[in-house]
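Single-structure report; data block below.
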Amino acid sequence: MSKGLLTLITKPQSQQFDSRFGHNDKVSNNDRRNIYIHSLISLVTGIKQRVAQWLERWARKRKVAGSNPRADKVANQTLHTDSPDLPECFQLSVLSWLPCVYLWLACPPYIFYVQRNNMGYIMMSVLNRVKTVFALLLWIVCWADLFGTFHELHQGDTRPPIYFVTPLVVGITMLLATFLIQFERLRGVQSSGILFIFWFLSVLCAIVPFRSKILQAKSEIPDKLRFITFYLYFSLVVSQLILCCFNEKPPLFSNVDTDPNPCPQSTAGFLSTMTFWWFTSMAIKGYKNPLEAKDLWSLNKRDSSEEVVPKLLKEWDLEQIKRPVKALYSKPPPAGESNHVGGENSPEEVEVLLSKKRTPKKPSFLRSLIKAFGPYFLIGSAFKLLQDLITFVNPQLLSLLISFTKQKEAPTWWGYALAFLMFFTAFLQTLILHQHFQYCFVTGMRLRTAIIGAIYRKSLIITNAAKRTSTVGEIVNLMSVDAQRFMDLTTFLNMLWSAPLQIILALYFLWQNLGPSVLAGVAVMILLIPLNAAIAVRTRAYQVEQMHYKDARIKLMNEILNGIKVLKLYAWENSFKEKVLEIRQKELNVLRKTAYLGALSTMAWTSAPFLVALMTFAVYVTVDKNNILDAEKAFVSLSLFNILRFPLNMLPQVISSVVQASVSLKRIQDFLSHEELDPESVDRNNTGKHGHNSSVTVVNGKFTWAKQDPPALHNINLMVPQSSLLAVVGHVGCGKSSLVSALLGEMEKLEGQISIRGSVAYVPQQAWIQNATLRDNILFGKAYNEQKYRSCLEACALTPDLEVLPGGDLTEIGEKGINLSGGQRQRVSLARALYNEADVYLLDDPLSAVDSHVAKHIFDHVIGPEGALQGKTRILVTHGISFLPQVDNIMVMVEGRVSEMGSYQELLQQNGAFAEFLRNYSLEDIIEDECGDRMVICDNIAMILLLSGNCQICKPLHNIQGIVDFAKKLHTTESQNPEGASVCLTPSVIDNCCILCVKSKVFWEYAKAVGPLLTLFICFLYGCQSAAAIGANVWLSQWTNDAAQNMTQENVSMRVGVYAALGITQGILVMVSSFTLAMGNIGAARKLHYALLDNKFHTPQSFFDTTPIGRVINRFSKDIYVIDEALPSTVLMFLGTFFSSLSTMIVIVASTPIFAVVIAPLTFIYVFVQRFYVATSRQLKRLESVTRSPIYSHFSETVTGSSVIRAYGRRDAFVLMSDVKVDDNQKSYYPGIVANRWLGVRIEFIGNCIVLFAALFAVIGKDNLNPGLVGLSVSYALLVTMSLNWMVRMTSDLESNIVAVERVKEYSETKIEAPWEVEDKKPSPDWPSQGKVEFLDYSVRYREGLDLVLKNLTLSVVGGEKIGIVGRTGAGKSSMTLCLFRLLEAAGGEITIDGVKISEIGLHDLRSKLTIIPQEPVLFSGSLRMNLDPFEKYNDGEVWKALELSHLNKFVSNQPAKLELECSEGGENLSVGQRQLVCLARALLRKTRILILDEATAAIDLETDDLIQSTIRTQFEDCTVFTIAHRLNTIMDYTRVLVLDKGQVAEFDTPSKLLSKRGIFYGMAKDAGLTQ
């Protein structure tokens, strides 16, 4: 601004100063100071007025610029010049005060926040000292300026007031900054955002004076003092900004010092926090090596369960105290409750009590959540508000840029300024948006942690009545589904207010731009909402239908895989394959319908902005002839319509999420409001008046399970002296277990009192075993003491079992103790109680699950008068009569009351209920057989074999020593054989190893499955669709150029018509391309599933013996789901974003060819960032899913064992365990959130660079560009950020999802068995006519690398012979029968049947001519007829005949459905005996010449066994029969008996000859009591 104007503004002021101060020596210094201060105050108040006057005059001068060259000069000096400058007055006021105003406004809330969140104390460091010194120097510099002005005043050189005010204000602000530097240090703030922004603003505002002073200095330096002070000021401010980028040390005694792997966020600086730079180390680590759990950072203390859960519980407790429904009436009875909703209507009691007052509201869980997490969430909301406002800056800047290109004489720096402003606002928007997301996601994460923690803690203390209303599955759902819903909602919750705000702002700016024509576009948007809603409703219905088919298919596959051996033996694969494919076809049909809808929806989504623009522009130009559509209007409107698209689409989704979350909220609130167990119901201090020396006392006890139920126990009076043993006996359901529960405080106490002296140990009736090692189950949180531990194992008879378990007492026990037998579980439970060393032992029938020998051992060594617990008080609930004479007292219960009590002898003499009890139960004790103990260990070893996939499972193991040897051998085999060893790994370990980078080969495999030509055609369609979109926009830019050439009116209809045609073409192409893509994907899904299914039916049995079924099922369920649903949508989004980004580049390069130069470096950075993100994010997702399931499995385990946990007082320990599991999960979830933010900031930065270069090149080439092209290229650039961001996410998802194709391919290409049919070797239809079987030097092994099971077997069986096969366990009996079916292929030698070598013919040709009745009867879900005859070869008459012969016809004819009787999964709705008879009926239907009988022993009773034997003797009289005999009496009348020993023929002759030989067979017969 010229000197003249400066004088104009400052003249009256200087006169005023002269009159006051003049050179009047009479005025004393003191008076002078007072006068000065007084005038200063009046001057500050007058500043506003001065500025207003100045602006008014300046405006006036502008109007008459032509007549006043001086004013014209002023305007030209600021705007219309190639070397602009701002007036000195503006520099000294606005530019100097702006940072100061910011700091003073931000300070109070910031100081309050830091005061509240004190993080400790930071030692004074060099950095801190330098910052403080520089801040003080700045204060000195400012005040030097001020005193300089005073000096000048003294010298008579009067300055305007601004020269006094500004140094004063800035100086005081610098003192404030100095105070803040020290205040933050004392409060542990390592990096200050407030000060960073302050220094940044100060530098920014000082750049203009910096340039001005240099320009002035070119001629001469008018004011040397201010020149020097300013440059000192500038260099100090820049230094402060640089220093602010560095961090202080962590505060003393902070977590960072003690944590081995702290999260760098806590020590990250302000810049690092804003750009998420601190995450880079994790991204690099994940890129170099696969991430493991140990690489993850610890969770921030403020996000951990330890801090988050108590915060919510505190608010919830306050909420419950405020609204005390409890105080008036304990809780509404849950009689009429549904599973999810508890206590909807208050009961009458409450109403009566509160009739005078108004009914109080229920405690609100939502209010608790808001109080606990609302303040933090509001910070995120503030960021969102800021971001929404900044969003609308860029369309305005675009408008200015287009108008700039129209003005050919405008100075170039305008354009550069606009380009950099666009970049700066976009970048600021990026930073703010991602901070908003970070706050929202962290709030969601904390919500989930808190809700899971609250539910877990509540589940440990709810009453049994409350437990009835919520099953374990439902409570787990509250944790997984409902807590997850809250977490998902917080991300978009701000859209509830933000979407309407964005819509209103966008409409406001559109109205400014186009007037009422906007309403036409808005109408189109509103009309599209019901269309989208209808599509969503229909899609949801299809999803439900598809889930139904998917469940049916998985259920069938599960059965098929469980019964695959039977399918192979009967050659039934084809029938079941057809059944699976039939369901699959229905599933794909629904998928196809969904694809039609999806294509429609994609079209609506893509075409919406275009249709809106078309309608608006068409209405705008046709309504009024004066309305001209120029580039500014068109492209600014387009960018505003694009902004509008997001909130309009999000709002319905957010509302539906809110509705879902409100349902979840109600469910969680009802669960948390359930009644809790009364901790005071049992007096643990034993201060009761009754029974001074008794350990357990109950006086007049009356107990119930739920308040509204009738009492379960009445009038219980009980005193148990210390160190005595009380047995509680009675019939089933008489209240014995209830009594134990009452003593534990698990029941509602209606009357009376209970007191227990000392600690309690509890052994429940059904043993509760944790998913931990056997040792951990016994220690149960106590310290390990070797001697005590060993004696516990010895006493509980667990030592022999440890020898059998593969890892001894460190063997991991599966969920619910799956790899232990019932008896072992009970003994572990007992050992836990014994190790726990309590004062009172409550033993709820611990001897029922073990057999008589073990029971006697346990009673003698643990419970009885000589046992380990002899000095303790024991209450034993039992059915075992034999121990009663040894107990101190017996209490007999009848229907919830104590009927008798006394010693054994006393009760016998009374001849009451006890005597009757003895009569009922004594018989059972006598019948109990002697072989129990063996069976327990057999069960267990069978379990081990099952887990290790060893085929020999079918054989019961008789010799215990043999078992132990076998287990050891198994262990060594597995350590030598990697294939076997892999089985012992948990399936998750194996499945999770698919973390290698996905090869391009897999993508090619998928493209082949879609069809290579179709793949190219889909890409071509996407290209066409993008071309149509570009065409429409180019046409629009041409249309807007008509305005410049004044030929608007004559072309309107043609312009609108072509624009509409291009847009509609694009819409149709979008629909066609997404539909074609969906068809290709469905085709690929069909092919991949078929290949997998076909391969699995052809896979040899050995594969299923070594592979856990769950792993195969996973391929059919999870991976096929990904290929069906997840992959297609990912591919669709990927292609959409890819072509969108590509078309942006094409448009910008076409408009400004020089842009091609920057594409290469930007692409390089993009790919670089993307590779880092994809690698890390995929592994974080994997770790997150691996750590998620333990939370829920631990929880369901806790709920089932809650009474044990409470009895041992381990509640807090379990709460801690749950918290640790949740924190472990969040440890991998949190970096996953940050990875997305990290990526977002970097990718959007690249997008912002594209905007910058598009605008810059438009400015550079503005002479050759028309406004339409500039609008086109920059509006495209503004859109690219979103596409780029989504493209990386989609690439990541694509790589994660394509793994499913790889996994399915892997299982579609496993080794297959021999062909089912060999055309040129087909045997004749009547083969085998005689049934003659010969083994010639035959050997076989189970798998490559294992020992031979049968060695050089040679024998011949004539047709019609009945052969019994016997031998010890592991002799090779079952293997021999499997060889006949070629389930095991020969390692040497031959088997011939009627002279035909079975190794040369097809498997189905062989297997369909043999029949087996297997040891385990396997049935499939479906009709009974299907189970007998899946191929429907036989008519109903033949089926009924078979049923009659198998003694089932009576049972079946009594069923209403007759032959169509539905068998449930595994035939559960038939007894085991009936299932065995169904297998017999199958054999009778097939009636082949050779029958193999793997005789079932444990499965059926003697009566059924006799029926089967007699039917076989009559119906298969002329057939060759091989029977694997367990009961020798069934084969004593057979033609010959084959005795196998170690895989070789030991004896083979008639039974009578073998008995007379007195060999192995004789020994076995003697053991069985068949011979003397």
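The backbone N, Cα and C atoms fix where each Cβ goes, glycine too.
Look at TrEMBL and you will find 94-113 (among others) tagged as transmembrane segment. Sequence-distant contacts of the transmembrane segment (94-113), counting only residues of its own chain at least 6 positions beyond either end whose CB sits under 8 Å from a CB of the stretch, comprise 86, 166, 169-170, 173, 176-177, 180, 183, 194, 197-198, 201-202, 205-206, 208-209.
What TrEMBL lists as transmembrane segment is 162-181 (among others).
Annotated transmembrane segment per TrEMBL: 193-210 (among others), in sequence order.
As annotated by TrEMBL, transmembrane segment applies to 230-246 (among others).
Taking Cβ pairs closer than 8 Å, the transmembrane segment (372-393) reaches residues 311-312, 314-315, 425, 428-429, 432-433, 435-440, 442-443, 446-447, 450, 490, 493-494, 498, 501-502, 505-506, 509, 640, 643 in its own chain, all 6 or more past its ends. The feature transmembrane segment is assigned by TrEMBL to 372-393 (among others).
Positions annotated as domain 'ABC transmembrane type-1' by TrEMBL: 378-660 (among others).
According to TrEMBL, the transmembrane segment annotation covers 413-433 (among others). Within the chain carrying the transmembrane segment (413-433), a Cβ under 8 angstroms from the stretch's Cβ atoms is held by residues 82, 84, 274-275, 383-384, 386-387, 390-391, 393-394, 397-398, 400-401, 404-405, 1240-1241, 1244-1245, 1247-1249, 1251-1252, 1255-1256, 1258-1259, 1262, 1274, 1278, 1281, all 6 or more beyond its ends.
Long-range contacts of the transmembrane segment (492-511) within the same chain: residues 377, 380-381, 384-385, 388-389, 391-392, 395-396, 436, 440, 518, 521-522, 616, 636-637, 640-641, 643-644, 646-648, 650-651, 653-655, 657-658, each at least 6 residues beyond the stretch ends and with a Cβ under 8 Å from a Cβ of the stretch. The transmembrane segment annotation in TrEMBL covers 492-511 (among others).
According to TrEMBL, the transmembrane segment annotation covers 594-623 (among others). Long-range contacts of the transmembrane segment (594-623) within the same chain, counting only residues at least 6 positions beyond its ends with a Cβ under 8 Å from a Cβ of the stretch, are 510, 514-515, 517-518, 520-525, 528, 531-532, 535-536, 538-539, 542-543, 546, 629, 633-634, 637-638, 641-642, 644-645, 649, 1029, 1032, 1036, 1048, 1052, 1055-1056, 1059-1060, 1063, 1066-1068, 1070-1072, 1074-1075, 1078-1079, 1081-1082, 1128-1129, 1132, 1136.
For the domain 'ABC transporter' (696-920), the model's average pLDDT works out to 84. Among the features that TrEMBL reports, domain 'ABC transporter' is placed at 696-920 (among others).
Here the transmembrane segment (1009-1036) has Cβ contacts under 8 Å with residues 610, 613, 617, 634, 638, 1055, 1058-1059, 1062-1063, 1065-1066, 1069-1070, 1072-1073, 1076-1077, 1079-1081, 1083-1084, 1087-1088, 1135-1136, 1139-1140, 1142-1143, 1146-1147, 1268, 1272, 1276, 1301 of the same chain, all six or more residues outside its ends. Residues or ranges marked as transmembrane segment in TrEMBL: 1009-1036 (among others).
Residues or ranges marked as domain 'ABC transmembrane type-1' in TrEMBL: 1016-1296 (among others).
Beyond the ends of the transmembrane segment (1056-1078), by six or more residues, the same chain brings 592, 595-596, 598-600, 602-603, 606-607, 610-611, 614, 617-618, 621-622, 1014, 1017-1018, 1021-1022, 1024-1025, 1028-1029, 1031-1032, 1035-1036, 1039, 1128, 1131-1132, 1135 to within a C-beta distance below 8 angstroms of the stretch. Annotated transmembrane segment per TrEMBL: 1056-1078 (among others), in sequence order.
Annotation comment: TrEMBL describes 1245-1262 (among others) as transmembrane segment.
Here the transmembrane segment (1268-1288) has long-range neighbours at 394, 398, 401-402, 405, 422, 426, 430, 631-632, 634-636, 638-639, 642, 1033-1034, 1036-1041, 1133-1134, 1137-1138, 1140-1141, 1143-1144, 1147-1148, 1151-1152, 1155, 1166, 1169-1170, 1173-1174, 1239-1240, 1243-1244, 1246-1248, 1250-1251, 1254-1255, 1258, 1262, meaning same-chain residues at least 6 beyond its ends whose C-beta is under 8 angstroms from one of its own. Among the features that TrEMBL reports, transmembrane segment is placed at 1268-1288 (among others).
Feature annotation from TrEMBL assigns domain 'ABC transporter' to 1333-1567 (among others).
When Cβ-Cβ distances below 8 Å are used as the criterion, the transmembrane segment (162-181) is approached by residues 40, 43-44, 47, 89, 92-93, 96-97, 99-100, 103-104, 107, 128, 131-132, 135-136, 138-139, 142-143, 145-146, 149-150, 192, 194-195, 198 of the same chain, each at least six residues removed from its ends.
The list of residues near the transmembrane segment (193-210) in space but at least 6 beyond its ends in sequence, with Cβ under 8 angstroms from a Cβ of it, reads 85-86, 91, 95-96, 98-99, 102-103, 106-107, 110, 177, 180-181, 184, 230, 233-234, 237-238, 240-241, 244-245, 270-271, 273-274.
Long-range contacts of the transmembrane segment (230-246) within the same chain: residues 127, 130-131, 134-135, 137-138, 141-142, 191-192, 195-196, 199-200, 202-203, 206, 209-210, 213, 269-271, each at least 6 residues beyond the stretch ends and with a Cβ under 8 Å from a Cβ of the stretch.
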